[in-house]
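Below you'll find the structure, written out as structure tokens, and then a few comments.
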Amino acid sequence: MRIIDLRSDTVTKPTPAMRRAMAEAEVGDDVYSEDPTVHRLEALAAEMLGLEAGLFMPSGTMTNQVALMLHLQRGQEVIAPKGAHIYEYEPGSLSVLAGGVIRLVEAPYGVPDPEAVRSAIHTSPHQAPTGLIALENTHNSAGGTVVPLEAGRAIQQVAEEAGLPTHLDGARLFNAATALGVAPAELAKGFRTVSICLSKGLGAPVGSVLLMPKDYRAEAWRYRKMLGGGMRQAGVLAAAGILALTEGPKGLARDHQMARALAEGLLRMHVEVDLNSVQTNMVYAHVPRAADFVERLRQAGVLANAMGSRVRFVTHRDLADEDIPAALERIESALHVV
Ligand SMILES: *Cc1c(COP(=O)(O)O)cnc(C)c1O
């Protein structure tokens, strides 16, 4: 039986074209800033996102954490939407690395109310002073939901008025851009730093890029080195990253259609899904005893992640057209086993 893996878009494997590009990549020692392919990737990412400089790192956790180190002084607070990856899935990194604390604001579908953000800002010396406002687009734990352009602008406005920098966790920024039909640069515009992942739906095996103003780069480079993220002939990875940026986005609309079809199929089986949250390549279903259900799914040949009381399904480029109908059949059979 073919296993249908819906745990994450990170399970995608490099395409034959990526493997060829990796094999043929021109490389050098990137810790000496001598890898031409890494330089090409960083320049391409900066150009596509409309920021001045890029820095290639092994993971999105590292690009986010380096951004937090750039923005925060010890004891400062970052305001972020509830469920933010920088807090929920980067295990205590914020406190250890940047010495920061977090203030989460309610964010239905990943979109915080600008007034709630404004009133969360601390200026009193009795409180941890706010050092940064962060957003996440798409917002993973809210359902892979899109933060619309105007919503991002409204938060940027609040930050600007308070004299605060902004960071965008854009691990799936290309999914958001695809869903909105806008260029990724539109969604990156106005953020001081932006983190993107090449290894999610875009299909690269490894890698993330932090985009920033050019006068931030030397400090970011130092923090990356401090964290052990200096990589040598990293052009082997960057070569795949370049194809992820140039070819990867084309496949995302299909991923989104598959998620929609999956969600609609689940609803037909009376599985609880909030269709309003299904905006990109994720479907969160509310199922009693989610962990047991995920185990029954595994036995039926469908992999998904249990997250608290929810089950997360993620669609991606390595799925075949027939995988969604097949997954739905298997899910239905797993629902009826007691
Ligand atoms: C995946 C992800 C990251 C980075 O994760 P890594 O596994 O460290 O690359 C950051 N933010 C969000 C929202 C993510 O989904």
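One is the number of the first residue shown, and numbering goes on along the chain from there.
Glycine is no exception: its Cβ is also placed from the backbone N, Cα and C atoms.
Heads up, TrEMBL stuff is auto-annotated, nobody curated it.
Listed in TrEMBL for this protein:
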DOMAIN    5-286  domain 'Aromatic amino acid beta-eliminating lyase/threonine aldolase'
MOD_RES   LYS200  N6-(pyridoxal phosphate)lysine
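All protein chains included, the residue listed as 'N6-(pyridoxal phosphate)lysine' registers 27 other Cβ atoms within 10 Å of its own Cβ. Here the domain 'Aromatic amino acid beta-eliminating lyase/threonine aldolase' (5-286) has a mean pLDDT of 98 out of 100.
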